[in-house]
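Student: Have a look at this one before I ask anything.
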Amino acid sequence: MSIFDSIILGIVEGITEFLPISSTAHMIIVSTLLGLKQSVQNVAFEVIIQLGATLAIVLIYLEKINFKEINLWKKVLIAFMPLAVIGFLLRHQIKALFTIQTVAWMFIIGGIVFFIVEKIYSEEKVKIRDVEKVSLREALIIGFFQVFALIPGTSRSGATIVGGMLSGLSRKTAADFSFLLAIPTMFAASGYELLKNIDSFTNQNMTVLAVGFVVSFIASYIAVKLFLKYVQKYTLNAFGVYRIIFGIILLYLINQGIITS
């Protein structure tokens with residue numbers, strides 16, 4: 001992998017990891033276009049750029065990371081538990097689910113879900129506009145919605161934001177809680193992959209890793225900041241359209257043999 005490859009993949013990871021469009025398919029397509037094959041070394045690289053993207057979330061919400069916000073973090077950890085438990089118990093079955101076809105169809109289904117949720121969502125019925133006022137019940141509901149993200153192509157942020165909106169949170173508040181929930185979720189996932197692939201780091205080009213990490217951090221920071229402004233004014237329908245179109249294109253590429261599992 002070259003430095004150019006690491007820059008491109010860092011940008012793609014940083015932009016797509018926390019937007020409700022799922023980073024999985026984007027990384028697959030871009031890696032294919034760059035001529036990169038799946039390898040232990042490339043998996044290690046993906047872990048590093050995920051950590052870079054997650055660190056951007058930490059910086060954005062740094063003011064929330066203190067003992068004064070202990071009640072908020074209790075709710076975040078409660079929301080994290082369903083994914084942690086179910087993900088661990090069903091880890092082998094989840095791995096078997098991963099096919100490019102599954103990713104493509106989940107893109108389309110996720111896009112349709114966005115339209116349905118926006119159809120029934122009403123700003124007048126919003127009960128919570130401050131992330132600190134999210135209750136334990138609502139946190140747990142969002143946590144169970146996050147479990148859907150175990151299905152490849154679903155989008156963790158998309159699932160949790162939808163769960164928050166259906167629980168009475170404003171779009172912005174749902175996004176805030178989703179990103180706070182990403183901190184333990186992503187660190188746990190990245191930490192697990194890091195330990196599993198620790199031997200692969202010995203043969204890595206540290207410059208490539210460092211560049212990917214920094215680029216992913218910057219891209220993620222900008223993407224999340226812009227998204228938080230976006231959801232205060234607009235619906236998720238644009239992301240729904242994008243997901244459906246992207247899913248159809250992905251199915252076409254699979255059918256043509258351009259992308260394979």
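For all residues, glycine too, the Cβ spot is worked out from N, Cα and C.
Per Swiss-Prot, the feature transmembrane segment maps to 1-21, 43-63, 70-90, 97-117, 134-154, 175-195, 208-228, 239-259; the stated evidence is sequence analysis.
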Student: Can you tell me which recorded stretch out of 43-63, 70-90, 97-117, 175-195 has the most Cβ pairs within less than 8 Å of the transmembrane segment (208-228)?
Tutor: 43-63
Student: Considering only Cβ pairs within less than 8 angstroms, which of the stretches 97-117, 134-154, 175-195 has the most against the transmembrane segment (239-259)?
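Tutor: Looking only at 97-117, 134-154, 175-195, the most contacts with the transmembrane segment (239-259) come from 97-117.
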Student: Can you tell me which parts of the same chain pack against the transmembrane segment (97-117), counting only residues 6+ beyond its ends and a CB-CB cutoff under 8 A?
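Tutor: Apart from its flanks, the transmembrane segment (97-117) reaches 20-22, 24-25, 28, 150-155, 158, 162, 165-166, 236-237, 239-244, 246-248, 250-251, 254, 259-261.
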